[in-house]
Every structure is written in C-alpha cells, then in structure tokens.
Amino acid sequence: MATNDLFPPEPPLPDPAHVAQLRRALHEHAHHYYVEDAPTIPDAEYDRMFQELQAIEAQHPELITPDSPTQRVGGRALEQFASVRHAVPMLSIRTETDTEASGARNFDTRVRRELGLDEAAPAVAYVAEPKFDGLAMNLRYESGILVQAATRGDGEVGEDVTQNVRTIGQIPLRLPADAPSILEVRGEVYMRRDDFEKLNEQQRARGQKTFVNPRNAAAGAVRQLDPAIAAQRPLSFFAYGLGEVTPEQAGGPAFGTHYELLQALKTWGFPVSALVGLAQGATELVAYYESIARQRDALPFDIDGVVYKVNSLALQRRMGFVTREPRWAVAHKFPAQEQFTTVLDIDVQVGRTGKLTPVAKLAPVFVGGVTVTNATLHNEDEARRKDVRVGDTVIVRRAGDVIPEVVSVLLDKRQPGATEFTMPRQCPVCGSAAVREEGEVDYRCTGGLFCSAQRKQAILHFAQRRAVEVEGLGEKLVDQLVDGHVIRILPDLYRLGLTALASLDRMADKSAQNILQALEKSKQTTLPRFLFGLGIRHVGEATAKELARHFGSLDAVMDASLEQLLQVNDIGPIVAQSLRTFFDQPHNREVVEQLRACGVTWQEGPPAPVTPTPLSGKTFVITGTLPSMSRDEAKDLIEAAGGKVAGSVSKKTTFVVAGTEAGSKLTKAQELGVAVLDEAGLKELLDGHS
C-alpha cells in the first residue's frame, strides 16, 4: 500500500482572510441589528454566517480570537445611556440549525447525550415557550422596588433604560412582600400587532415616519432619550427567567424546576405567556413546535420560533454552559417562509432624494402572515445579478419575517422572449436625465428642482436657515402645501397669497402673514446661499462659496464648462460633472429663471482675482461654545480669509478652534497633535493675516 494511502493528507486550513472577513461582516451586521435597530441582512443569513464561523472555529480552535463574534453575546451598549454591568451575564441561546420539526428531536438527542442517558432512561422534561420578537430586558428589584432596567447590550454590559421601562404598565414598580429582597427578572419588551398598527396610523396622521415592524418600534421606544415619548408608545412585557436573586441560604426562594420559577414570577405580578407549556421528551417537543407554528399568524404578537429549556434546575446546573450559551436550552426557529409567485411588472420608483429603485410588482401572495405584492430589487446591479424579468416565476421570501425579497428565478419556467431589465436613463417621474456616478450603485434623477417626487425635499432644503432661510416654513407646512397641490414647483412659494395660506389646517391669519413676510425677506439673499439652496448634489456651503467667489455671477456658474469648473478651488471631476449635469437640464434652468422673476436677488460682482488668500489651504474644525461669536460667525470669518471649515478632525486638520464644552473633537485633536486655538487665538491669527 502506498504511503499516501496510509497517511492521507490533512484537509487544508481555511483561508485566514475569509475567516477575518466573516468576523468583520458579523460584527458590522450585529452593530446594525443590536445598536442601530436597523438590520441590513435577514436573520437567516446572519445565522448562516455565524454558524459557518462556529464550524470553522470548532474544527480549528487555533483560529479563535478574543474578539470573535462567537466569543460574546451580541451588540454593545449605546453611548447615550449609562452603562450597566450585569450581575449575572445575559447569555443568548444557541439556534437549532434544522428549522423543521425534527430540530426538536435533535435537541433532545443532544441533551440525553450530555446527561449520559441511555435509551431505557425516562424522557427528559422540558419547558417550551414562544420565541418572542422584541427586546431582551433585565429588571432589578431591591427590597421590592424596581431600581433598574437594563438592555442585554453585549451580555456583560447593557444600557440603563429605567425611566422608559417604568412607563410600561405590565411591569410592576413594587413587588409583594414575599418577593426576594434582591430579584432580577428577565424577559422581553415587545409591541402587540394591533398596538403597532395604531401607532403607525398615528405616525402617518402626523406626517411622521412609520416603523418597519413591531420589534423596531419597541426597541426605538425603549431607547428614547425622552421618557415622555416612550410613555406614548404602547409596549408590553413577558417574563421568562431570572438573573441575580437572593440566595436560598439568605432567605431567597428555592426552586426545583424552571416551571416553578415561572409560576413564582406570576405570583409576584409579572406577565408570563399563556403559551408556555411542559413537554416530556422529543415527541411532545415536536407536537409543541407544530402547534405554535399553526397558531403563529393568529397570535397578537410576533414570534420567530420557540425556545426549549430543560425543566430541572439541577440538570441545568449539571449541563452548564459552553462559551456564550447554555447547553440546556435552544432556540428553534421557524423556517423562512417562501412562496412561488409571478413578476407582473418591474417599476422604478423615485425617492424624495432622487434615488431610483427598481421594484418587482408581484401577483399577490401570502407570505409570513401578510399579502406581499412588491419586492425591492435595490439597484441595477442587484436586479441584473438576480436576472429578474417580467413574467418570471420567482421564489419570494419574507426574509427575517420582515422584508419581502425575490430569492431566485425559476429559469426553467421562463417564457421565451422575456427581456432583460435595464434601468431607465430618464427619471420616470419628470423625464430628467438619470445619472449613475462613478463608484455609486444608484441612479439619481437630476431634475431636483422640477421632479415632483423630490418636491418636498427641494423646498425644505431651499428654505433652510443655511440657504435662503424662510422662517417658519417647516416639514408639516410643506407637506400641506405640496399634498394640497398649492405648490407645484419651487417658485410657487413666492406666488403664495394670504387666502391660500390661511385656508390650510391650523393656519391662522397671523401665522399666514408671518410666512408671507418671511418669504419676502428671503428674496434678499446671497449668491452662495442661493447656489447651496438649489440642492445640487455634492455642492455644500463651502463649495457654493468657492463658486460664487470664483465666477462672481450665477450666469457665469451656469454656463461654465467642465474645464472652467475644475479651475475652482476644491472642485474635482465629480462635483464639476454634477454641476454641469444639473444646469444642463432645461427644467432646472427654467426654475432658476422663475425664481429670479419672482424677485429673488443678490449682489453680484466681478470674478475674484486669482491670488492666494491668507488662510488658503488651511482646514479648521470649530467645536464647543465661543465667548463672543457663534460657530457660524467664526466659520464665515475663516472662509472669508480663504480657510476651509470641516465637520470632523483628521490628520489633514490644521487648527481646531475650541470653546467651552468642546468634547470629543478636542480630545481627538490632542491625540493627533493638531494645533488648538481659543477664540482669542483665532482672532489673532485672522488679524495677523489681514
């Protein structure tokens, strides 16, 4: 026999770069999920990536690093709230990878193996409960009084959200006299589906942003910095476990099973789900799983699976923990719900900032408890990657039970002649050119002043304080003006009359007169403010000032060639092309001319001579409160002397101008060795260059 047959080569090590990339991706997605409450991928995909990393590290323990996502529980605490170190870590529960009912049998088999039970041994007793889709919470009571509520955070350190949690009616603020002197109750803060729908109706009525799902709404309420706002959000709570508790030898409770613990929670005044059940062995676990799956869509709250726990606390202690999770519990998720449907059309929608998004219009299909008729294709690259075409039969998944997506196309069912989707090169709303800039994935409409899809955003941007400044013209008033068809295009602002304004909801004559006076006042502006107010992509305040200084007049800016634009200080190819594209659209030029005809005016002068300014090439950052001038005034002085004002400190920063309560920007400047000036130092610098 050959040597190679006797000693087969070991399988190759995984690519370290792939392992590192997997960790980075998991960290990033965990941050979006736990900290920002804005998940970027479906739960199922995160679980798949996590399980891949777990498998690699199990095969190759030498690749485990202290910062691996497998070595900790979840996200990290937000900085806005005080940090709380948990007396007993809030560990997460392992997810069963088999999302069929057989996954319950897998868990029972694993438990029996861990406990060394043979086939003749009695069935293991379990507690089974729904896996609530909310926010994990730790409630700490001392001498029967709620003294602290904290989120899971990273399992070791969470966020102190006591004031907000006190507003939840289901959570007792005082416990009965027989409750332990130290008691930490763990459970889930969630929002009922009917409460979620009512909340979104209220948000729509106020013209405010609606919430994506009950979990995000609940998490957002708990993390509100203003408890008064949190109190207006209808939150609920289910208790399912304990943290730190007065020990038995010090007079604390003595439980033999997890189920007894849950019954005690009820007697102390905590809500425990009526769906919690006892199960003997694998067969009853499977029956419980199937029963909850059937009830899922009819439940008044969202769940995404069930949780099984060994009932005996003695057996729990015997089984113990592994790394980040208990061996005696598992989360058994439901399968991602998928259905077949047909693509009826592919529409391109235009967002309020001009972004074009392809959307598959679907034959109605019931997925994940809702009827789905649309699925985003995100952008041209994604649409091409999936190659979705009109008439295709596709698999649609309500991924993570939240976001409908087209998973794949059944190519064998594709009809002959189905044409490939291409993004339009004109805006489907206004007909202006749609442009995809180098390095970007999105197409954007260039008719920002004319496009009805961008109308509200264009008006708000034009009227803001840093542009022409129309005092009192806020989002709610703009909503009324646009939705009521009072304003079609930007110049219509200056055609408003008292009668039209006074007829709006909650608009008295005096308020209407104030708006008209503010509009009249805004007509006297400056060229930099006007240019900034046009909302040209990539043209901020500093760029607008450079354009005005360089060309002197609006007509010169509008007619400048790419080559001429590139001669302006701090303007590169992307900004130059953005300017040229904007002013090449006849719609945009027409709006500009109408604004001038309505009386919007400014002083113009000759182009600035090409001479170096005193602070040319120097970058400033202003932080804190200055004694005798506002930050805007300091910014104007610096820019008038040719300096540039940035929003963040970097190695390229020349000076940081620091007032009182300067904060992190001053700290970073000191770390980087950037020169720091106070107001007197800034004045001295400006005087020295005047």
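A Cβ is built for glycine as well, from the same backbone N, Cα and C atoms used for every other residue.
Fair warning: this is a prediction, and the values are worked out from it, not measured in the lab.
Of all Cβ atoms in the shown protein chains, 16 besides its own fall within 10 Å of the Cβ of Asp47 (NAD(+) binding site). Per Swiss-Prot, NAD(+) binding site is recorded for Asp43, Ala44, Glu45, Tyr46, Asp47, Ser92, Ile93, Glu129, Arg152, Glu188, Lys309, Lys333.
Annotation comment: Swiss-Prot describes Lys131 as active site, N6-AMP-lysine intermediate. Under the three-state DSSP scheme, Lys131 (active site, N6-AMP-lysine intermediate) falls in the strand class. Annotation for Lys131 (active site, N6-AMP-lysine intermediate): same-chain Cβ neighbours under 8 Å, separated by at least 6 residues, are Ile303, Asp304, Gly305, Val306, Val307, Ala331, His332, Lys333.
Residues or ranges marked as Zn(2+) binding site in Swiss-Prot: Cys427, Cys430, Cys445, Cys451. Look at Cys430 (Zn(2+) binding site): DSSP puts it in coil.
Averaged over the domain 'BRCT' (610-690), the predicted model has a pLDDT of 85. According to Swiss-Prot, the domain 'BRCT' annotation covers 610-690, on the basis of sequence analysis.
In this structure, the binding-site residues under consideration are Ile93, Cys427, Cys430, Cys445, and the one with the smallest number of other Cβ atoms within 10 Å of its Cβ is Ile93. Neighbour counts of Cβ atoms within 10 Å were compared across the binding-site residues Arg152, Lys309; the minimum falls on Lys309. Around the Cβ of Cys451 (Zn(2+) binding site), 24 further Cβ atoms fall within 10 Å across all displayed protein chains.
Neighbour counts were taken as the number of other C-beta atoms within 10 angstroms of each residue's C-beta; across the binding-site residues Asp43, Glu45, the minimum falls on Glu45. Classification of Asp43 (NAD(+) binding site) by DSSP places it within a helix. Lys309 (NAD(+) binding site) falls within a strand segment according to DSSP.
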